[in-house]
Amino acid sequence: MTKFIFVTGGVVSSLGKGIAAASIAAILESRGLKVTMLKLDPYINVDPGTMSPFQHGEVFVTEDGAETDLDLGHYERFIHAKMKKSNNFTTGQVYESVIAKERRGDYLGGTVQVIPHITDEIKHKVREGAGDVDVAIVEVGGTVGDIESLPFLEAIRQMRSNFGRKNTLYVHLSYVPYIAAAGEIKTKPTQHSVKELREIGIQPDILICRMDRELPQDEKRKIALFCNVEENAVIGCYDADSIYKVPGMLHAQGIDDIICEHLDLSLPPADLSVWNGIIDAIEHPARSVNIAMVGKYVDLTESYKSLSEALKHAGIHTRSEVNIHYIDSEEVERDGCAALKGMDAILVPGGFGKRGVEGKIKAVRYAREHNIPYLGICLGMQMALIEYARDMAGMPGANSTEFDLETDFPVVALIDEWVNHDGKIETRDENSNLGGTMRLGGQECVLESGSLAARIYGAEHIVERHRHRYEVNNHYIDRLEAAGLKISGRSAGAEKLVETIELPNHRWFFACQFHPEFTSTPRDGHPLFKAYVEAALAYQADNK
């Protein structure tokens with residue numbers, strides 16, 4: 001029978017529940033358990049696909065094409081399980097399902113209420129998402145005390161009655177502030193947060209205290225006393241310079257032993273040697289490299305979370321410190337490319353909308369003309385193609401129809417038909433809804449033999465994840481190739497969509513329509529990012 005660990009948060013948001021939950025999962029996995037993770041989001045949006053990156057941060061795409069919370073990216077980076085659509089659901093999805101059942105008459109004319117109908121649907125989705133694993137770790141989004149979270153908290157409260165104490169465990173993450181003016185650590189916010197949880201029927205079994213310093217034993221005793229938690233179950237989680245140190249931090253305080261005792265699990269000791277190796281590589285780099293990331297969401301770097309982590313993973317596997325310089329594409333558009341001078345490589349990530357596009361094109365041009373390693377991802381590939389069409393292929397004013405419907409050279413245009421992850425033909429036009437209407441999830445790509453792409457991947461058939469609704473217009477491919485652009489990867493289907501491009505006469509110029517960052521992990525890295533960082537290091541060595 002699957003056992004459930006529920007992780008809640010209190011006092012303030014952005015405490016790092018996802019990292020703490022993923023770290024617990026990593027420790028339990030190292031002890032031989034089959035583990036999965038779920039994220040329950042209390043917002044009413046059906047999914048985060050149409051939400052602004054400035055409000056929500058990155059949208060993480062699963063292999064089966066779900067647009068999900070960025071925490072699922074952390075889950076995949078910390079454990080071996082691959083997340084699916086069922087690993088993340090929202091209030092919007094819950095209500096959508098319940099209302100559909102009511103319309104069908106499934107409730108036999110009964111009054112549909114939050115309890116039991118909404119809470120039953122939440123419990124059903126939790127069980128469905130957990131599947132057949134030893135332990136499912138369920139992170140409840142939001143902060144205890146939020147109105148939006150109440151149905152989710154009630155559902156997980158009921159699950160203890162449904163499955164029993166030996167099969168359920170509650171972990172509460174709370175903020176313990178240090179007041180510098182008084183020179184004191186304050187436990188009262190945590191006491192009140194736990195009090196609020198207990199009022200709705202949930203008694204935490206473990207308290208994780210988020211702090212900027214170590215938690216003294218006296219404060220541990222005080223928290224344990226007032227929160228009705230065993231003293232050894234009050235765990236300190238301190239600010240770390242790498243999120244990959246958190247599993248070791250929690251394990252050192254015995255959190256996995258407490259969990260195993262509570263859930264009646266007899267397991268071999270944790271083996272965190274892989275994590276120790278990762279930390280050693282982070283702390284002892286042999287070199288450093290500077291990469292310019294030119295985007296429009298740089299004021300909130302969480303918008304590029306998987307991408308920045310993928311670059312760090314490449315640093316781990318090349319024994320180098322990767323310094324990411326986030327550069328606003330609007331500033332490049334307005335002020336020119338001075339901020340790019342001294343960089344060892346340039347990267348233009350994905351994005352949507354017209355704002356800052358010309359700055360990204362300037363960055364591409366700078367990389368091409370100065371022979372600096374360039375990596376373009378999704379929109380970054382489209383920018384590279386547009387720049388090349390304008391400057392090298394004799395198509396002045398070339399553009400994407402996303403930005404200019406009247407362009408004479410629509411080298412990038414809306415995809416009107418493609419085959420999705422499940423093999424179903426999808427069709428779209430300019431009037432289609434924005435939500436859930438992109439080319440999403442893992443798609444097979446065929447790489448040209450002998451190309452840079454094939455050398456990077458060491459294969460000619462790959463699968464990478466997508467999230468976009470505009471594609472290279474195949475009508476202009478012959479003209480672009482005649483001007484020297486190489487199309488090195490295409491989709492495996494009959495539509496033969498352009499997936500990768502490169503410049504044979506450039507030291508390292510590569511761009512892809514897919515999002516390789518979604519499959520990079522600290523354990524294995526990703527071949528594309530490793531090759532990119534190696535190219536940046538080589539450029540640095542040649543230009544000392």
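Positions of Cβ are set from backbone N, Cα and C atoms, glycine also.
Model, not experiment: these values are computed from the prediction.
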Of Glu330, Glu402, Glu406, Glu448, residue recorded by Swiss-Prot at the L-glutamine site of Gly351, Leu379, Gly380, Met381, Gln382, Arg469: Glu402
Per Swiss-Prot, member of Lys39, Lys220, Lys222 binding CTP alongside Ser13, Asp146, Ile147, Glu148, Lys186, Thr187, Lys188, Pro189, Thr190, Gln191: Lys222
Candidate from Asp64, Asp69, Asp71, Asp106 that Swiss-Prot assigns to the same ATP site as Ser14, Leu15, Gly16, Lys17, Gly18, Ile19: Asp71
Candidates Glu139, Thr187, Cys378, Gln382, Arg469, His515 (recorded positions) with Cα within 10 Å of Gly18 (ATP binding site): Glu139
Other residues, Cβ within 8 Å of Ser14, Leu15, Gly16, Lys17, Gly18, Ile19, Asp71 Cβ centroid (ATP site): Gly9, Ala20, Ala21, His74, Glu139, Leu173
Local Cβ density at Lys222 (UTP binding site) - other Cβ atoms counted within 10 Å: 18
Cβ-based neighbourhood (8 Å from the centroid) of the L-glutamine site, residues Gly351, Leu379, Gly380, Met381, Gln382, Glu402, Arg469 excluded: Gly350, Phe352, Cys378, Met383, Ser400, Val412, His468, Tyr470
Fewest Cβ neighbours within 10 Å, where candidates are the binding-site residues Ser14, Gln191: Ser14
For Glu139 (Mg(2+) binding site): DSSP state (helix, strand, coil): strand
Shortest C-alpha distance to Thr187 (UTP binding site) - which of the recorded positions Glu139, Glu402, Glu517: Glu139
Close in space, distant in sequence - Asp71 (ATP binding site), Cβ under 8 Å, 6 or more apart: Lys17, Gly18, Ala21, Ala22, Lys39, Phe60, Glu139
